[in-house]
Amino acid sequence: MNTEALIEAAVEVDVQEAAPVVEPDIEVIPAIEAPAASLPAIVAPNLDDSSLYIHRELSQLQFNIRVLEQALDESYPLLERLKFLLIFSSNLDEFFEIRVAGLKKQITFAREQAGADGLQPHQALARISELVHGHVDRQYAILNDILLPELEKHQVRFIRRRHWTAKLKAWVRRYFRDEIAPIITPIGLDPTHPFPLLVNKSLNFIVELEGIDAFGRDSGLAIIPAPRLLPRVIKVPEEVCGPGDNFVFLSSMIHAHADDLFQGMKVKGCYQFRLTRNADLALDSEDVEDLARALRGELFSRRYGDAVRLEVADTCPKHLSDYLLKQFNLHESELYQVNGPVNLTRLFSITGLDSHPELQYPPFTPAIPKLLQNSENVFSVVSKQDILLLHPFESFTPVVDLLRQAAKDPHVLAVRQTLYRSGANSEIVDALVDAARNGKEVTAVIELRARFDEESNLQLASRLQAAGAVVIYGVVGFKTHAKMMLILRREAGEIVRYAHLGTGNYHAGNARLYTDYSLLTSDDALCEDVGKLFSQLIGMGKTLRMKKLLHAPFTLKKGMLDMIARETQFALDGKPAHIIAKFNSLTDPKIIRALYKASQSGVRIDLVVRGMCCLRPGIAGVSHNIHVRSIIGRFLEHTRVFYFLNGGDEQMFLSSADWMERNLDKRVETCFPVEGKKLILRVKKELESYLTDNTHSWLLQSDGRYVRSMPTGNQNARSAQATLLERLSNPVLSVR
């Protein structure tokens with residue numbers, strides 16, 4: 001599949017002219033419609049006008065809705081379609097735990113603050129509720145009416161109670177008696193048994209009872225919390241249900257045998273529910289003496305934050321759902337009635353069935369550059385030239401190998417490393433431990449506040465400290481999100497620096513799922529800059545002048561704004577001007593205003609924004625030269641790439657940062673140049689493969705809608721990820 005050439009439009013369309021945003025024959029999906037902008041045609045638009053901006057949370061929701069749409073795409077294997085549906089659930093959980101919780105908190109403390117779009121938090125919550133209710137209903141309809149029936153055709157069955165045979169009922173009874181009942185603790189509700197404090201996102205049941213117990217109590221209600229250690233999906237042996245993969249939901253088992261938990265009482269109804277709580281840590285790092293100790297205390301509190309959402313079975317009577325809403329101090333608009341398990345993310349356990357490889361993506365082996373294949377010593381290769389890798393198409397192994405070799409190399413003196421998310425069984429951490437034990441000076445800058453990875457990071461910090469490494473937790477008030485490694489090695493009597501800089505985390509698992517760039521370099525100036533940044537993080541001192549590296553919160557934002565302004569001036573001077581940027585999110589108002597000005601001046605701007613985008617493209621007189629697309633596919637798009645035509649002297653940058661205020665103003669981030677015509681051309685071609693994608697590309701319209709791009713006429717189907725997979729990796733019979 002050849003998509004290496006520039007888009008014809010990118011070559012032929014004059015940058016001074018507006019190009020249409022919507023291509024012909026594009027499938028429009030009204031379900032993801034956002035509030036439309038009403039923009040009068042004015043000569044000098046006010047770039048602070050709120051109608052020029054899309055609300056952040058609504059844009060984030062639309063990304064998740066695009067993820068849900070993939071569950072309907074028959075070009076994906078069936079179990080992968082199920083994964084997309086489950087990712088929608090997982091993303092929605094975090095959205096409520098963090099974003100919705102934040103909006104509710106503003107209202108609670110009377111601190112409502114509108115963003116650039118002008119929408120107040122209470123208005124945003126109303127729109128969020130409307131959107132989410134509709135798409136949660138749609139999600140369960142896709143599951144029940146499309147995916148589960150299709151899976152059944154492949155002998156993957158989720159057997160509902162109404163279809164249980166006598167043999168299956170007997171097996172379920174034994175399983176319930178032996179594995180479930182002994183560890184379940186039902187709680188009757190009365191004055192001495194108050195409503196329990198339920199853990200965030202845990203599975204629970206509200207039970208309506210009739211009768212009087214041994215103590216003469218007649219409460220009428222009970223709660224059954226399902227222990228988290230129990231699997232939510234249980235596989236049934238073939239001798240019970242016949243051949244195939246047959247599963248029963250834990251919730252169905254508890255429903256069927258709730259009577260056994262209340263001997264002598266009549267169960268009138270048993271209904272599953274799940275509560276979502278605020279999971280954002282209320283930790284002010286400036287007010288604590290020991291961040292690690294304070295964080296351990298906050299992690300426990302996270303499980304019991306304020307309620308933000310209630311999910312119940314759609315068969316639950318109104319008087320019971322109203323009772324639950326009252327217990328959790330929630331409004332009826334925060335109630336979600338679902339036709340199926342209340343926590344679909346627990347179905348991830350069955351998406352990798354060994355018995356059905358045909359229902360999953362075909363395996364592949366990430367490639368290793370020939371230069372590294374032919375050399376056992378990574379240092380000898382990197383000392384001669386930069387090595388650029390694009391994961392997962394190219395392997396993350398060279399990055400790990402560099403650190404492993406450093407750990408054993410007698411000439412290596414010191415290793416410095418940032419860690420944001422590295423996983424529980426990290427090869428990177430293993431190598432750092434080995435390096436410390438082998439007498440190297442190892443310093444790890446670990447970001448303890450990486451959301452939902454805090455506990456894992458605390459554990460690896462303890463492990464590194466036990467090995468003798470120096471561990472610090474970044475800078476108070478700023479998350480350390482930069483991805484960088486520095487190795488100091490003595491060669492011919494001198495200390496030589498080697499560095500790794502990346503757009504993604506030091507996480508070998510994610511490197512198989514996320515697209516990210518890695519640069520291995522021994523460039524003197526760049527490695528010196530990395531050393532300076534580590535000195536800033538580890539010690540104290542004034543801002544140090546960098547030669548090549550842009551870094552937040554100091555020079556990165558200004559550098560980006562300056563480069564956008566430079567392209568703007570080229571366009572005003574009648575010269576070709578072009579910006580291509582690919583990243584995860586665009587929310588920073590200053591960056592958006594700069595892009596609007598560039599568009600007005602005639603700069604052609606192509607943005608590939610996977611997630612949130614608060615900019616409205618295609619507005620006459622404002623953003624008519626801006627095109628925004630989002631790519632959703634097999635791999636999570638995670639690279640941050642910035643290209644500037646620069647009057648013909650092209651510049652390319654890779655970064656750990658998105659164009660968001662939090663990244664540019666409140667985090668430690670890096671942005672580094674891609675140097676040399678060969679590497680710049682390579683990255684540019686890879687960017688262009690995304691701009692020509694017409695199978696997994698969604699185009700953002702000026703009214704906030706996304707429409708899916710599709711091949712037109714005799715146009716061949718083009719997928720950026722498929723092209724890069726074909727070009728860079730090696731398909732094989734088994735994953736390695």
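The first residue you see is number 1, and the count goes up from there.
Every residue, even glycine, has its Cβ placed from backbone N, Cα and C.
Database features (Swiss-Prot):
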BINDING   Asn91, Tyr514, Arg610, His638  ATP binding site
BINDING   Arg421, Arg451  Mg(2+) binding site
ACT_SITE  His481  active site, phosphohistidine intermediate
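Maximum C-alpha to C-alpha distance over the listed ATP-binding residues Asn91, Tyr514, Arg610, His638 is 16 Å. Same-chain neighbours of the ATP site beyond Asn91, Tyr514, Arg610, His638, judged by a C-beta within 8 angstroms of the site's C-beta center, are, in sequence order, Asn584, Gly611, Leu636, Glu637. Cα separation, the residue listed as 'active site, phosphohistidine intermediate' to Arg421 (Mg(2+) binding site), rounded: 9 Å. Counted within 10 Å of its Cβ, the other Cβ atoms near His638 (ATP binding site) come to 21, all protein chains included. Sequence-distant contacts of Arg421 (Mg(2+) binding site), defined as residues of its own chain at least six apart whose C-beta falls under 8 angstroms from its C-beta, comprise Ala450, Asp453, Ser456, Asn457, Asn505, Tyr506, His507, Asn510.
Counting only residues at least six positions away in the same chain, the Cβ atoms of Phe63, Asn64, Val67 sit under 8 Å from the Cβ of Asn91 (ATP binding site). His638 (ATP binding site) and Arg451 (Mg(2+) binding site) have their C-alpha atoms 17 Å apart, to the nearest angstrom. The CA atom of Tyr514 (ATP binding site) is located 18 Å away from the CA atom of Arg451 (Mg(2+) binding site). Neighbour density for His481 (active site, phosphohistidine intermediate): within 10 A of its CB lie 23 other CB atoms from the protein chains shown.
Take the binding-site residues Arg451, Arg610: by the count of other Cβ atoms within 10 Å of each Cβ, the lowest one is Arg451. The Cβ neighbour count for Tyr514 (ATP binding site), using a 10 Å radius and every protein chain shown, is 18. DSSP gives Tyr514 (ATP binding site) a strand state. DSSP classifies Arg421 (Mg(2+) binding site) as coil under the three-state reduction.
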